Amino acid sequence: MDYNMDYAPHEVISQQGERFVDKYVDRKILKNKKSLLVIISLSVLSVVGFVLFYFTPNSRKSDLFKNSSVENNNDDYIINSLLKSPNGKKFIVSKIDEALSFYDSKKNDINKYNEGNNNNNADFKGLSLFKENTPSNNFIHNKDYFINFFDNKFLMNNAEHINQFYMFIKTNNKQYNSPNEMKERFQVFLQNAHKVNMHNNNKNSLYKKELNRFADLTYHEFKNKYLSLRSSKPLKNSKYLLDQMNYEEVIKKYKGNENFDHAAYDWRLHSGVTPVKDQKNCGSCWAFSSIGSVESQYAIRKNKLITLSEQELVDCSFKNYGCNGGLINNAFEDMIELGGICTDDDYPYVSDAPNLCNIDRCTEKYGIKNYLSVPDNKLKEALRFLGPISISVAVSDDFAFYKEGIFDGECGDQLNHAVMLVGFGMKEIVNPLTKKGEKHYYYIIKNSWGQQWGERGFINIETDESGLMRKCGLGTDAFIPLIE
């Protein structure tokens, strides 16, 4: 990757001098080293002032760590004030550009160092945040040494990331309890930013990443908090489950002798998918997956657009574990035994707040008669004729930072997340090597991480025309609720 500058370092100095010195002063004064020192000092002091304002814990600014979403916020004014000077911006950009050029020049040496040491337990294998090429600076061993918001060199090398982190805090209403916690989160943020940037510079990938609300979490933290699907066990004695032996009978009822196009079908275009929701800080993906497919059945079979209560399942599905995870099939089992589910208006979602089961909150409930296990080689057929499917998938940190495109990244090492399969499609993409168009098939997945994640809450995962390619174990567990 090449980082090009539109100007040379000496041009920055000249332009800054012309801005700060009166136009009537003799031109020889512009070359004086004292002027250069003043300019640099002003830039450094501005950035240091920004950091002092944001990262010094005191009584007036303690709200930053406990509540960063203050309505009457002067943060934008401070950021704009610091960045409105063309001289200050050019100076900082030149420093960042210089640092990035250094990073690229050292990349190969660092990779060789990593391979030679084969140290899989390092906190972070990557390039130093500083510019000295010393072994102690090639890796982050001591975050307190590297993350120093009062170090001018650190600020100059990371001004862009610091501003990016500030915007991340504000956009996602992040709350940190102390400056030390903020430093730790900033370190994780930098590591995730590095991964995202490296991926997005790979022209051979079919998808793009972005820093989202998970950017200050390690993958281990993210997995423990959001990937809560439990290992599935066959329900041999279930009186509600129609197993794969019953599949042909059910599909014949809805399909008949009709053939279908294996290239594309999207239930979102046929009023069969309700809006994307957000499970927030609760490991309740199993509830959102199962409730979502029930909502789709009522939309398709009854022409009713309803929003049902995931919270009732979280509170009352005793075969599952609330915010600590669960199983899709257990959700359907309990849904039937509860006699149906209230609407979200009657039983609203409160995420991880403690809530006792209260099945009497509503008089009208929406239930299912039974549910069907879908063979993993019949996903496209079942999706086309029966409707959206509640499925399992093995999620990784690549998946977590998905932005757009067809996901062809790394998968998790086990099934850990419940989502909905709502469609499939095909897109022709030009191969950057052959310069020829190639057909790429994908499944359309509805997630439960809000509409700000991915493609408005959805992700496209690569497959083949037949749908037999099931990346990330997609559809290993696959169930459709039946209301007729």
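Cβ from N, Cα, C; glycine included.
Since this is a predicted model, take the numbers as computed values, not measurements.
Between the stretches 84-105, 304-325, 458-479, Swiss-Prot puts its motif 'Bipartite vacuolar targeting signal 2' entry on 84-105.
When Swiss-Prot is consulted, the disulfide partner of Cys342, picked from Cys357, Cys362, turns out to be Cys362. Range 16-25 is the one annotated as motif 'Bipartite vacuolar targeting signal 1', of 16-25, 166-175, 326-335, 406-415 (source: Swiss-Prot). There are 24 other CB atoms within 10 A of the CB of Cys282 (disulfide bond), with all protein chains counted. Here the candidates are the recorded positions Cys282, Cys285, Cys316, Cys323, Cys472. The one whose C-alpha lies nearest to that of Cys362 (disulfide bond) is Cys316. Counting only same-chain residues six or more apart in sequence, the Cβ atoms lying under 8 angstroms from the Cβ of Cys323 (disulfide bond) belong to Ser228, Asn281, Cys282, Gly283, Ser284, Val314, Ser351, Asp352. For His417 (active site), the nearest neighbour among the recorded positions Cys285, Cys342, Cys411, Asn447, Cys472, judged by Cα separation, is Cys285. In the shown protein chains, 28 other C-beta atoms lie within 10 A of the C-beta of Asn447 (active site). Taking Cβ-Cβ distances under 8 Å and a sequence gap of 6 or more within the same chain, the neighbours of Cys342 (disulfide bond) are Leu308, Ser309, Glu312, Arg361, Cys362, Glu364, Lys365.
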